[in-house]
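For reference, the structure discussed in these notes is given below.
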Amino acid sequence: MDIAAKAPGWQFRAITRKGTLTLGNDGKTAHVDWDLSSDRDIMSGFSYKGRGMELSDLTEYNGHILSPDDKTGILFEIKNNKALPWVILNSGPGNTTKGMKTEWLTIKGSFLYAGGHGVEYRDDKGIVFSEDQMWIKSRLRGTNLLITADERFNAFEIVRVGTLDHPERGFSAFAFVPGTNDNVIVALKSKGMDGKAPESFVTVFDIRGQIMMEDQKLGNNYKFEGIFFL
């Protein structure tokens, strides 16, 4: 939820919402029904410079439902509508006091990996002091490319997912749909223009890039960045 995560009393919140994904019998269509009455606030008092609970992904690892806060560096376990600090990740080679800006989680084998986006490093005054890790030329220019690689990163394949009609909507999370042998993906997109309320969208497509459900807007102008199947 970014800045909107701040709640009264020096508390910070994230919101969860339940929905039902239905795949068409033809294997070419999909539909999502959202239950707005299921919205729940997940609260925490942890923050960094007045910001916190800006959760960036959602995954299950060894029976724990985990979500990283990209401001504090805390990896929370989400349990019984509570955010329980599980692990603290810091930036750099492990010898800094600033939390890691974790944007994604993934599991390979028995390990959980956490990573971030390639953006410039800034000091407390907002001055850029390193651009070595950058790969983003424009924060408002999204793409529709699905890039896959073998486990050794020797062979790559690029697939275009539908057409790029809304480059201002960037992918924020995706998950393979259970029971599809990792052939169908449900994904979230976020739109966050400066000075305007954020928007979130959900879409469904297969690994060949065929759209099964066009972008569907989620209401209430929340920024959703994680998907988890119950």
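Cβ from N, Cα, C; glycine included.
Annotated in TrEMBL:
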type	residues	note
BINDING	Ser56, Asp57, Glu103, Ser172, Glu225	Ca(2+) binding site
Counting other Cβ atoms within 10 Å, pick out the least crowded of the binding-site residues Asp57, Glu103, Glu225.
Glu103
For Ser56 (Ca(2+) binding site): intrachain residues, at least 6 apart, with Cβ closer than 8 Å:
Ser67, Pro68, Asp69, Asp70, Thr102, Glu103, Trp104, Ser172, Glu225, Gly226
Cβ-based neighbourhood (8 Å from the centroid) of the Ca(2+) site, residues Ser56, Asp57, Glu103, Ser172, Glu225 excluded:
Leu55, Pro68, Asp70, Trp104, Ala173, Gly226
Let's check the environment of Ser172 (Ca(2+) binding site): how many other CB atoms sit within 10 Å of its CB?
23
So, three-state DSSP: helix, strand or coil for Ser172 (Ca(2+) binding site)?
strand
